[in-house]
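Down below is the structure, laid out as C-alpha coordinates.
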Amino acid sequence: MKKGLLIALEGPDGSGKSTQIKMLSNYLENKGYKVLVTREPGGTKISENIRNIILDNNNAEMSSVCEALLYAASRAQLIEEVIKPALEDGTIVLCDRFVYSSIVYQGIARGIGVKEVQCINDIALNGVKADLTLMINVEYEKGLERKCSQRKLDRLENCGSDFHKKVYNGYQQLAKELNNIVTIDGNNTLDYVHNKIVNEIESFLK
Ligand code: TYD
(Lines of atoms letter the chains of each structure in order from A and count residues from 1; the text may use other names and numbers.)
(Lines give C-alpha, C1' and ligand atoms only; values in the text may rest on other atoms or scores of the structure.)
Protein backbone atom coordinates (compact mmCIF):
# COMPACT_ATOMS: atom_id res chain seq x y z
CA MET A 1 0.00 0.00 0.00
CA LYS A 2 1.27 3.42 -0.98
CA LYS A 3 1.72 5.83 1.95
CA GLY A 4 4.18 8.41 0.64
CA LEU A 5 3.86 11.14 -1.96
CA LEU A 6 5.48 11.58 -5.34
CA ILE A 7 6.09 15.19 -6.33
CA ALA A 8 7.65 15.89 -9.73
CA LEU A 9 9.37 19.08 -10.82
CA GLU A 10 9.22 19.80 -14.52
CA GLY A 11 10.20 22.57 -16.88
CA PRO A 12 12.34 23.51 -19.88
CA ASP A 13 16.13 23.18 -19.66
CA GLY A 14 17.63 25.79 -17.34
CA SER A 15 14.43 26.45 -15.42
CA GLY A 16 16.22 26.03 -12.09
CA LYS A 17 14.49 22.78 -11.04
CA SER A 18 17.54 21.19 -9.46
CA THR A 19 18.24 24.16 -7.16
CA GLN A 20 14.57 24.43 -6.22
CA ILE A 21 14.37 20.72 -5.42
CA LYS A 22 17.27 21.07 -2.96
CA MET A 23 15.61 24.07 -1.30
CA LEU A 24 12.26 22.26 -1.12
CA SER A 25 13.87 19.13 0.29
CA ASN A 26 15.53 21.15 3.09
CA TYR A 27 12.23 22.86 3.83
CA LEU A 28 10.30 19.58 4.11
CA GLU A 29 13.03 17.86 6.13
CA ASN A 30 13.03 20.76 8.59
CA LYS A 31 9.31 20.21 8.98
CA GLY A 32 9.99 16.59 9.97
CA TYR A 33 9.07 14.79 6.75
CA LYS A 34 11.09 11.89 5.42
CA VAL A 35 12.26 13.12 2.00
CA LEU A 36 14.07 11.50 -0.91
CA VAL A 37 15.41 13.49 -3.86
CA THR A 38 16.02 11.77 -7.15
CA ARG A 39 16.31 12.68 -10.81
CA GLU A 40 15.47 11.51 -14.30
CA PRO A 41 17.06 10.21 -16.32
CA GLY A 42 19.12 8.68 -13.53
CA GLY A 43 18.77 7.99 -9.83
CA THR A 44 20.08 4.40 -9.89
CA LYS A 45 23.37 2.93 -11.16
CA ILE A 46 21.69 1.48 -14.25
CA SER A 47 19.59 4.60 -14.90
CA GLU A 48 22.66 6.86 -14.60
CA ASN A 49 24.43 4.65 -17.16
CA ILE A 50 21.43 5.01 -19.47
CA ARG A 51 21.53 8.78 -18.85
CA ASN A 52 25.13 8.90 -20.04
CA ILE A 53 24.19 7.11 -23.28
CA ILE A 54 21.23 9.41 -23.93
CA LEU A 55 23.02 12.70 -23.25
CA ASP A 56 26.34 11.81 -24.93
CA ASN A 57 27.04 14.24 -27.79
CA ASN A 58 28.77 11.36 -29.63
CA ASN A 59 25.39 9.62 -30.03
CA ALA A 60 24.09 12.12 -32.58
CA GLU A 61 22.61 9.34 -34.75
CA MET A 62 20.25 8.11 -31.99
CA SER A 63 16.70 7.72 -33.34
CA SER A 64 13.83 9.46 -31.55
CA VAL A 65 12.17 6.14 -30.70
CA CYS A 66 15.41 4.73 -29.31
CA GLU A 67 15.70 7.89 -27.20
CA ALA A 68 12.11 7.56 -25.92
CA LEU A 69 12.64 3.88 -25.03
CA LEU A 70 15.88 4.66 -23.20
CA TYR A 71 14.19 7.35 -21.10
CA ALA A 72 11.42 4.84 -20.33
CA ALA A 73 13.97 2.12 -19.48
CA SER A 74 15.77 4.46 -17.10
CA ARG A 75 12.40 5.35 -15.52
CA ALA A 76 11.36 1.69 -15.12
CA GLN A 77 14.52 0.91 -13.15
CA LEU A 78 14.18 4.03 -10.97
CA ILE A 79 10.57 3.18 -10.15
CA GLU A 80 11.25 -0.42 -9.17
CA GLU A 81 14.52 0.20 -7.32
CA VAL A 82 13.91 3.56 -5.64
CA ILE A 83 10.51 5.22 -6.02
CA LYS A 84 8.16 2.32 -5.16
CA PRO A 85 10.04 1.24 -2.02
CA ALA A 86 10.29 4.86 -0.84
CA LEU A 87 6.56 5.46 -1.33
CA GLU A 88 5.74 2.25 0.51
CA ASP A 89 7.92 3.52 3.33
CA GLY A 90 5.91 6.76 3.65
CA THR A 91 8.57 9.01 2.11
CA ILE A 92 7.95 12.20 0.13
CA VAL A 93 9.80 11.58 -3.12
CA LEU A 94 10.89 14.70 -5.01
CA CYS A 95 11.74 13.82 -8.58
CA ASP A 96 13.69 16.17 -10.86
CA ARG A 97 11.66 15.46 -14.03
CA PHE A 98 9.23 12.57 -14.54
CA VAL A 99 7.04 11.17 -17.31
CA TYR A 100 5.74 14.56 -18.51
CA SER A 101 9.31 15.27 -19.70
CA SER A 102 8.96 12.32 -22.07
CA ILE A 103 5.50 13.46 -23.18
CA VAL A 104 6.84 16.94 -23.97
CA TYR A 105 10.39 16.25 -25.26
CA GLN A 106 9.81 12.97 -27.11
CA GLY A 107 6.04 13.03 -27.71
CA ILE A 108 5.63 16.67 -28.75
CA ALA A 109 9.08 18.14 -29.57
CA ARG A 110 10.49 15.02 -31.29
CA GLY A 111 7.05 14.39 -32.81
CA ILE A 112 6.59 10.75 -31.77
CA GLY A 113 3.09 11.56 -30.49
CA VAL A 114 1.68 11.99 -27.02
CA LYS A 115 -0.35 8.75 -27.08
CA GLU A 116 2.59 6.73 -28.36
CA VAL A 117 4.94 8.01 -25.66
CA GLN A 118 2.28 7.50 -23.00
CA CYS A 119 1.91 3.92 -24.22
CA ILE A 120 5.67 3.20 -23.99
CA ASN A 121 5.68 4.68 -20.50
CA ASP A 122 2.62 2.85 -19.19
CA ILE A 123 4.79 -0.25 -19.01
CA ALA A 124 7.66 1.61 -17.34
CA LEU A 125 5.43 3.36 -14.79
CA ASN A 126 3.75 0.12 -13.67
CA GLY A 127 0.88 2.07 -12.06
CA VAL A 128 3.02 4.74 -10.36
CA LYS A 129 1.71 8.29 -10.81
CA ALA A 130 2.93 11.65 -9.56
CA ASP A 131 0.59 13.08 -6.92
CA LEU A 132 1.56 16.61 -7.86
CA THR A 133 3.63 18.13 -10.67
CA LEU A 134 5.13 21.60 -10.43
CA MET A 135 6.22 23.12 -13.72
CA ILE A 136 8.79 25.90 -13.41
CA ASN A 137 8.19 28.09 -16.38
CA VAL A 138 11.01 30.05 -18.03
CA GLU A 139 11.36 31.16 -21.65
CA TYR A 140 13.50 28.60 -23.49
CA GLU A 141 16.06 31.19 -24.65
CA LYS A 142 16.63 32.27 -21.07
CA GLY A 143 16.91 28.68 -19.84
CA LEU A 144 19.45 27.72 -22.47
CA GLU A 145 21.44 30.89 -21.80
CA ARG A 146 21.64 29.86 -18.13
CA LYS A 147 22.82 26.36 -19.08
CA CYS A 148 25.42 27.72 -21.53
CA SER A 149 26.95 29.84 -18.81
CA GLN A 150 27.18 26.86 -16.40
CA ARG A 151 28.79 24.10 -18.51
CA LYS A 152 29.19 22.44 -21.92
CA LEU A 153 25.76 21.58 -23.37
CA ASP A 154 24.68 17.90 -23.60
CA ARG A 155 23.10 16.19 -26.64
CA LEU A 156 19.53 17.22 -25.75
CA GLU A 157 20.44 20.80 -24.89
CA ASN A 158 22.30 20.96 -28.22
CA CYS A 159 19.11 20.23 -30.20
CA GLY A 160 18.69 23.82 -31.36
CA SER A 161 16.25 26.59 -30.60
CA ASP A 162 13.40 25.21 -32.77
CA PHE A 163 13.41 22.05 -30.66
CA HIS A 164 13.49 23.98 -27.39
CA LYS A 165 10.71 26.25 -28.57
CA LYS A 166 8.59 23.12 -29.15
CA VAL A 167 9.50 21.93 -25.65
CA TYR A 168 8.44 25.27 -24.18
CA ASN A 169 5.15 25.28 -26.10
CA GLY A 170 4.61 21.61 -25.22
CA TYR A 171 4.80 22.39 -21.52
CA GLN A 172 2.32 25.28 -21.92
CA GLN A 173 -0.08 22.96 -23.79
CA LEU A 174 0.20 20.20 -21.17
CA ALA A 175 -0.26 22.61 -18.24
CA LYS A 176 -3.41 23.96 -19.89
CA GLU A 177 -4.86 20.49 -20.53
CA LEU A 178 -4.07 18.77 -17.23
CA ASN A 179 -5.29 19.95 -13.85
CA ASN A 180 -2.63 18.08 -11.85
CA ILE A 181 0.15 20.41 -13.09
CA VAL A 182 0.79 23.66 -11.22
CA THR A 183 2.72 26.30 -13.15
CA ILE A 184 5.27 28.36 -11.22
CA ASP A 185 6.76 31.48 -12.79
CA GLY A 186 10.52 30.84 -12.78
CA ASN A 187 11.49 34.35 -13.92
CA ASN A 188 12.32 35.62 -10.47
CA THR A 189 14.82 35.26 -7.61
CA LEU A 190 15.52 31.81 -6.12
CA ASP A 191 13.81 32.77 -2.85
CA TYR A 192 10.75 34.12 -4.60
CA VAL A 193 10.32 30.95 -6.65
CA HIS A 194 10.99 28.81 -3.55
CA ASN A 195 8.25 30.61 -1.61
CA LYS A 196 5.79 30.09 -4.44
CA ILE A 197 6.63 26.37 -4.48
CA VAL A 198 6.28 26.11 -0.69
CA ASN A 199 2.84 27.76 -0.85
CA GLU A 200 1.70 25.22 -3.43
CA ILE A 201 3.08 22.29 -1.44
CA GLU A 202 1.54 23.51 1.81
CA SER A 203 -1.90 23.85 0.27
CA PHE A 204 -1.50 20.41 -1.32
CA LEU A 205 -0.41 18.79 1.97
CA LYS A 206 -3.50 20.25 3.72
P1 TYD B 1 18.07 17.14 -16.75
O2 TYD B 1 18.71 16.16 -15.85
O3 TYD B 1 16.92 17.92 -16.23
O4 TYD B 1 19.15 18.13 -17.28
P5 TYD B 1 20.24 18.92 -16.40
O6 TYD B 1 21.54 18.32 -16.81
O7 TYD B 1 20.06 20.30 -16.87
O8 TYD B 1 19.89 18.76 -14.95
O9 TYD B 1 17.56 16.36 -18.06
C10 TYD B 1 18.42 15.94 -19.05
C11 TYD B 1 17.80 16.16 -20.40
O12 TYD B 1 16.92 15.09 -20.73
C13 TYD B 1 16.97 17.43 -20.53
O14 TYD B 1 17.39 18.09 -21.71
C15 TYD B 1 15.55 16.96 -20.69
C16 TYD B 1 15.71 15.60 -21.27
N17 TYD B 1 14.62 14.63 -20.97
C18 TYD B 1 13.84 14.13 -22.02
O19 TYD B 1 14.00 14.53 -23.17
N20 TYD B 1 12.90 13.17 -21.74
C21 TYD B 1 12.71 12.68 -20.48
O22 TYD B 1 11.85 11.80 -20.26
C23 TYD B 1 13.53 13.20 -19.40
C24 TYD B 1 13.36 12.69 -18.01
C25 TYD B 1 14.48 14.18 -19.70
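Note: Cβ is positioned from N, Cα and C throughout, glycine not excepted.
No curator has checked TrEMBL annotations; they are predicted automatically.
Here is what TrEMBL records for this protein:
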- G11, P12, D13, G14, S15, G16, K17, S18: ATP binding site (BINDING)
- 9-197: domain 'Thymidylate kinase-like' (DOMAIN)
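Sequence features annotated in TrEMBL and their locations in the structure.
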{"residue": "G11", "record": "ATP binding site", "CB count, 10 Å": "26"}
{"residue": "P12", "record": "ATP binding site", "CB count, 10 Å": "28"}
{"residue": "D13", "record": "ATP binding site", "CB count, 10 Å": "20"}
{"residue": "G14", "record": "ATP binding site", "CB count, 10 Å": "23"}
{"residue": "S15", "record": "ATP binding site", "CB count, 10 Å": "27"}
{"residue": "G16", "record": "ATP binding site", "CB count, 10 Å": "21"}
{"residue": "K17", "record": "ATP binding site", "CB count, 10 Å": "24"}
{"residue": "S18", "record": "ATP binding site", "CB count, 10 Å": "12"}
Chain-mates of G11, P12, D13, G14, S15, G16, K17, S18 with C-beta within 8 Å of site centroid, ATP: I136, V138, G143, R146, G186
Helix, strand or coil at K17 (ATP binding site) [DSSP, three-state]: helix
Annotated binding-site residues G11, P12, G16, filtered by Cβ under 6 Å to ligand 1: none
